[in-house]
Amino acid sequence: MGTGTLSSLLLLLLLVTIGDADMKGHFDPAKCRYALGMQDRTIPDSDISVSSSWSDSTAARHSRLESSDGDGAWCPAGPVFPKEEEYLQVDLRRLHLVALVGTQGRHAGGLGKEFSRSYRLRYSRDGRRWMDWKDRWGQEVISGNEDPGGVVLKDLGPPMVARLVRFYPRADRVMSVCLRVELYGCLWRDGLLSYTAPVGQTMQLSEMVYLNDSTYDGYTAGGLQYGGLGQLADGVVGLDDFRQSQELRVWPGYDYVGWSNHSFPSGYVEMEFEFDRLRSFQTMQVHCNNMHTLGARLPGGVECRFKRGPAMAWEGEPVHHALGGSLGDPRARAISVPLGGHVGRFLQCRFLFAGPWLLFSEISFISDVVNDSSDTFPPAPWWPPGPPPTNFSSLELEPRGQQPVAKAEGSPTAILIGCLVAIILLLLLIIALMLWRLHWRRLLSKAERRVLEEELTVHLSVPGDTILINNRPGPREPPPYQEPRPRGTPTHSAPCVPNGSALLLSNPAYRLLLATYARPPRGPGPPTPAWAKPTNTQACSGDYMEPEKPGAPLLPPPPQNSVPHYAEADIVTLQGVTGGNTYAVPALPPGAVGDGPPRVDFPRSRLRFKEKLGEGQFGEVHLCEVEDPQDLVTSDFPISVQKGHPLLVAVKILRPDATKNARNDFLKEVKIMSRLKDLNIIRLLGVCVQDDPLCMITDYMENGDLNQFLSAHQLENKVTQGLPGDRESDQGPTISYPMLLHVGAQIASGMRYLATLNFVHRDLATRNCLVGENFTIKIADFGMSRNLYAGDYYRVQGRAVLPIRWMAWECILMGKFTTASDVWAFGVTLWEVLMLCRSQPFGQLTDEQVIENAGEFFRDQGRQVYLSRPPACPQTLYELMLRCWSREPEQRPPFSQLHRFLADDALNTV
């Protein structure tokens, strides 16, 4: 070895030693190379799974390095060429830094000849999102074995932070491959799950210096990297000269991520860090470059804020630490920022510029886990067992091998006694079931007899709630109905008695609810007693619903401390044009309906028909154009149509043969619509009520409904990997992730406005949102009337039409509609937006299973199913959606908080 080489090695060793001293408490990837338990069986058989195996003797449990169990290795059932879909998966149970992998073929005492010459790795931190491992030059393929017996170790540069690791053997032709593996690394004690930062920039000197985070494994959108880890958490500390690197054959600036002061008018770079659990933070250490002769300076100061949950506000005053940006010593160094023991799961830190450039190579934290029982979040999605999945992102766990059990020989007497005891227990169980069934039959028969009375109010006490249902007389026969074809789902033969309907109908309150819906009003009934407040909790069967002002309470009020922050809306029957009740709204003053609608009369001659959007029981919805609208429409909002261009409007038309009650409801709907004044809610433009047919004219947006609009788009920067329907060859308009958040924020803003009026929109979904110019969103209400979305609604035994996939469990089982249930629907709508409306919510479940899942929420035994996280959705935003689906309505965030998060914090939170 030459003198120059020896000097270089000594210098490198000195630099690493200095870096370790500076970055106190930070891990050293060179020392993180312990075997993680495949060979010594610390990893149990149950944590090793495979896509398939040739036989039981080549199953997953035989894939341990240097093991000769079974036939000597794991061998997949099918060929790995050309699809490369066979994999071996290892679950480490906790996050680990994996720095090295070892592979081996099948030797089997000289009888085996199978091995893999190359392979790929995929890894996941949560079991939902899978990432391809790539080296520092973007290559995925790792060279493997050259013979069946030898062990080949491969350094992973960069290392990966993972809980689950999959090996995908490769071949260049159809051939058999077998594999044994081991993983090397150490436990990831930092607890850092991801960081968000602006994309690194390029510095132009005599040569281009690329200061990007080249190993970041999250998403990139709108100049922001989020949802992953990269070079700032890989343990590699940069050199004093940022143009040089400790890695071989890389570009100048590789070790650092940097930003120019000119690109940040605010004077600081903002980063956010997400951790695995609640922690008490003592110190943040940032390794910075200080080569001020080339423009790199230490930060002038740092300020950090903390919060405990994704949708919570930042707590208290920020922690400030002044640094000043040293000009003296040009060496790179680690700066320590004391954090004072503040507690949180999320940190937001701002690094102030003291010079032209900020260059960081590593950021680490010294913290302790805090055991706080109050910091709870909804559980991760759980899916019931089904057929073996075939996509890469599915988990397949092989059951632990069974050990032989010695059989004890018993006497015939003992066997006979055991059989008798079993028979007696079975008989007792059957008797108990029969008694329980008889009890419910009596309850239901009483409920049915009550429905037949001419005027009756029923009180049903449920733990913590009181449901008040009023039934008015009406015809016995339900309205005609033609079974819709579900959208995007195969046709199934319906069972004679659906399980989901049985679950609904087992609730006496819901039987009364459906009985009410089955009888449309046929005229004024007998006078209602003064003490009977007319209410109706029917689900989604008209356009608008309006609660009356409460009179004297029928029951004593609950204690003040038991009142949730969401109030239930008392509801009266209001059958609208499109046949579906949408809003539950506060009562109008007495006689307000009789005063007639606001006189914004619209000349029918100016309406030009374009197409029929939908129809309901009492009317239709048409899409029309209005010529020269500026001289016709007066409102509180400007009309964004150029002079000489027509205005698109939706016209709700009441059929001339509609009943008197339907006409009164139509006028009441006009009155309600006239009260809605918000930029994100469709507005009433005018009415035609001088002669038949009665019409109301509302906004309609040029880009149609949000569901159709988003499904025609693709997400920028190829973030949509894993979305249904995406293909490399698809050509179409794109939409950015920040724009999706902007869409969600507008929906939250409109719903916030409705909540301030105590309005409850009971059918919130992308089909009921309209898209205008510059992605303007307005919430509408006639999605139910469109045949295109018939598959989104479920008919309960031919009576109530319910959007059950968007409904909170208490709406499905108890008919309770509140602002909190709208928050639930908003979470589903946000899921639709982030999926670009490519999938129906719970698309893998039948309608009956969705209803049964609502029952699981009621039982609260941990078996309820949640919507899975969309591929492009950061974990923190998904946790916010899970909070929207909390079992207890009072635990769901209000719309003001949802709007603030989506409008201000979402892009900076992952």
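Using N, Cα and C of the backbone, Cβ positions are placed for all residues, glycine too.
What Swiss-Prot records for LEU613, GLY614, GLU615, GLY616, GLN617, PHE618, GLY619, GLU620, VAL621, LYS652 is ATP binding site. Counted within 10 Å of its Cβ, the other Cβ atoms near GLY619 (ATP binding site) come to 27, all protein chains included. Reduced to three states, the DSSP call for GLY619 (ATP binding site) is strand.
Positions annotated as domain 'F5/8 type C' by Swiss-Prot: 32-186.
Annotation comment: Swiss-Prot describes 607-902 as domain 'Protein kinase', evidence class sequence analysis.
According to Swiss-Prot, the N-linked glycosylation site annotation covers ASN212 (among others), on the basis of sequence analysis. Around ASN212 (N-linked glycosylation site), the C-beta neighbours below 8 angstroms that are at least 6 residues distant in the chain are VAL199, GLY200, GLN201, THR202, VAL257.
Annotated N-linked glycosylation site per Swiss-Prot: ASN261 (among others), in sequence order. Around the Cβ of ASN261 (N-linked glycosylation site), the number of neighbouring Cβ atoms within 10 Å comes to 18. In three-state terms derived from DSSP, ASN261 (N-linked glycosylation site) belongs to a helical segment.
The secondary structure of ASN371 (N-linked glycosylation site), as reduced to three states from DSSP, is coil rather than helix or strand. Using a 10 Å radius centred on the Cβ of ASN371 (N-linked glycosylation site) and all shown protein chains, the other Cβ atoms total 7. What Swiss-Prot records for ASN371 (among others) is N-linked glycosylation site, and it gives sequence analysis as the kind of evidence.
The N-linked glycosylation site feature in Swiss-Prot is assigned to ASN391 (among others); the stated evidence is sequence analysis.
If you look up Swiss-Prot, you'll see 436-910 marked as topological domain 'Cytoplasmic', on the strength of sequence analysis.
Here the CA atom of ASN261 (N-linked glycosylation site) lies 55 Å from the CA atom of VAL621 (ATP binding site). It is 55 Å from the Cα atom of ASN371 (N-linked glycosylation site) to that of LEU613 (ATP binding site). Counting in whole angstrom, GLU615 (ATP binding site) lies 58 from ASN261 (N-linked glycosylation site) by their C-alpha atoms. In this structure, the C-alpha atom of ASN261 (N-linked glycosylation site) lies 53 angstrom from that of LEU613 (ATP binding site). Comparing the binding-site residues GLU615, VAL621 by how many other C-beta atoms lie within 10 angstroms of each C-beta, the top residue is VAL621.
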